[in-house]
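As given in Swiss-Prot:
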DOMAIN    27-131  domain 'Gnk2-homologous 1'
DOMAIN    142-244  domain 'Gnk2-homologous 2'
CARBOHYD  Asn35  N-linked glycosylation site
CARBOHYD  Asn60  N-linked glycosylation site
CARBOHYD  Asn69  N-linked glycosylation site
CARBOHYD  Asn153  N-linked glycosylation site
CARBOHYD  Asn177  N-linked glycosylation site
CARBOHYD  Asn246  N-linked glycosylation site
SIGNAL    1-23  signal peptide
Amino acid sequence: MSSLISFIFLFLFSFLTSFKASAQDPFYLNHYCPNTTTYSRFSTYSTNLRTLLSSFASRNASYSTGFQNVTVGQTPDLVTGLFLCRGDLSPEVCSNCVAFSVDEALTRCPSQREAVFYYEECILRYSDKNILSTAITNEGEFILSNTNTISPNQSQINQFIVLVQSNMNQAAMEAANSSRKFSTIKTELTELQTLYGLVQCTPDLTSQDCLRCLTRSINRMPLSRIGARQFWPSCNSRYELYSFYNETTIGTPSPPPPPSPSRAN
């Protein structure tokens, strides 16, 4: 493992140098809004969608839990939406991210009935279908990874993949069995290198659906890289060789979200 340690250190050093240089970049990551179904600007659906987005940006939104879902209107103009903030972040950071994503939503997806927006701190999602309590792993995928492989040696790559996968799978089990559907890991690979991981599902999923979603998410990541993340609308996974989450808040979980969705009229 000694040669693997040196490769980890070398690539991590070069990555952290570039990471610090881009620390001030916007926290927007990606979005997905297919043109399969659309709406017109002055339609009932448009009004309902704006009502839903306004409720997410209001003072009464569930920023303290980091998760909220809302349904507005009646079929065929019914809109269902949710936001999910990263589980280690404060209500203030959650609020800022949700407000920012709401403000940009109709600019990025001006006429699509279905959309998901990925940010560093939160996810915003809405649809004309019932998206609550349903794990989505067949659309809206987004993968981001470091370009550096952990080592040019295949044996060392295989060792690293086993370590990452086993630790991330453990985190997935813990998340699936928690009320917040969120978990982190911190594992010392060597005296000099530590693996950090984070997994999260929307809390409306069952334990089984959350675990299934996270397992697929972990398997979709290129685990030979020195860092990667994968997003679906229902769950996401990330691992790095540097600390990227707020460790001080992990030990004090927020209260679980309400069991049933709220409804804005």
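Glycine is no exception: its Cβ is also placed from the backbone N, Cα and C atoms.
Distribution of Swiss-Prot features across the structure.
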{"residue": "Asn35", "record": "N-linked glycosylation site", "Cβ neighbours (10 Å)": "10"}
{"residue": "Asn60", "record": "N-linked glycosylation site", "Cβ neighbours (10 Å)": "8"}
{"residue": "Asn69", "record": "N-linked glycosylation site", "Cβ neighbours (10 Å)": "26"}
{"residue": "Asn153", "record": "N-linked glycosylation site", "Cβ neighbours (10 Å)": "13"}
{"residue": "Asn177", "record": "N-linked glycosylation site", "Cβ neighbours (10 Å)": "12"}
{"residue": "Asn246", "record": "N-linked glycosylation site", "Cβ neighbours (10 Å)": "14"}
I need the nearest neighbour of Asn35 (N-linked glycosylation site) among the glycosylation sites Asn60, Asn69, Asn153, Asn177, Asn246, using C-alpha distances. Asn69
Counting distance between Cα atoms, which of the glycosylation sites Asn60, Asn69, Asn153 is nearest Asn177 (N-linked glycosylation site)? Asn69
What does DSSP say about Asn69 (N-linked glycosylation site): helix, strand or coil? strand
Spatially, which candidate from the glycosylation sites Asn60, Asn69, Asn246 is nearest to Asn153 (N-linked glycosylation site), comparing Cα atoms? Asn246
Rounded to a whole number of Å, the separation of the Cα atoms of Asn69 (N-linked glycosylation site) and Asn60 (N-linked glycosylation site) comes to 13
Helix, strand, coil residue numbers for the domain 'Gnk2-homologous 2' (142-244) per DSSP? 37 helix, 32 strand, 34 coil
Rounded to a whole angstrom, what is the C-alpha distance between Asn60 (N-linked glycosylation site) and Asn246 (N-linked glycosylation site)? 25
